[in-house]
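Report on one structure; see the data block that follows.
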């Protein structure tokens with residue numbers, strides 16, 4: 001009896017009309033040790049993936065920022081120890097290279113030229129791109145999409161391909177060795193990208209907001225200034241940052257279009273310090289460190305707006 005009871009407890013019979021008994025075997029249970037081993041393997045894989053990701057990010061950051069750090073550290077080393085001392089930390093700092101840079105070169109003049117070019121590029125790019133992008137999204141005319149696409153197509157060419165024919169045209173117009181000509185060259189690079197970014201913002205913005213403003217008595221221009229532009233602040237900041245970077249770091253156009261020392265911008269002026277027989281590395285490193293300083297300031301204070309503007313422009317466009 002006990003044997004039959006045990007057998008009936010482990011194996012059950014189910015009978016259907018016209019069929020024989022169907023035996024149901026109990027499902028085997030996974031041992032607790034195997035379950036724990038599977039969970040530990042998953043945890044190990046997740047931990048290894050996180051460690052690999054962090055290691056890759058750290059390696060990329062070191063690869064990107066170490067040359068800048070070495071440049072800044074080397075700029076405060078004495079010239080006689082510039083290539084003899086390879087330590088990553090140097091103390092006390094020696095600012096002789098900075099003193100020589102300001103006293104023996106036209107660094108301040110070249111710095112002001114770069115500031116004027118960057119500010120002019122930002123202002124003109126913002127004004128022109130805002131009007132062009134707004135007109136391309138609100139006005140109805142044939143070929144407006146082709147117009148925006150053709151402006152972006154011009155941005156695809158490298159600056160050197162544009163600089164050579166532009167130099168010939170500027171020489172004919174009398175704009176060589178002039179900051180006005182250099183400003184026009186910078187706009188040729190920054191304006192297409194600025195129009196494309198703002199076009200995405202204005203295209204996704206509902207026209208009902210402007211209609212409500214015009215019902216309240218605003219003209220279309222006032223609605224554009226008071227409603228559209230404030231709502232497009234992330235895009236405007238992104239355009240301003242892009243325009244500043246393109247103008248501040250430009251070397252090709254300034255090298256081809258500018259000849260006199262008083263009109264040179266910082267990148268070209270620093271490159272001229274590396275002569276064939278006189279390599280003034282200390283002054284070059286000091287000047288390059290000062291060039292990088294505004295970029296760090298912009299990165300620290302405008303990073304969030306820059307990322308937000310790019311993300312919003314990509315989603316809206």
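Glycine too: its Cβ is placed from the backbone N, Cα and C atoms.
When TrEMBL is compared with the stretches 29-50, 51-72, the one noted as transmembrane segment is 51-72.
The range from 115-135, 262-282 that TrEMBL describes as transmembrane segment is residues 115-135. Looking at 51-72, 115-135, 223-249, 284-306, the range that has the most CB pairs within less than 8 A of the transmembrane segment (179-202) turns out to be 115-135.
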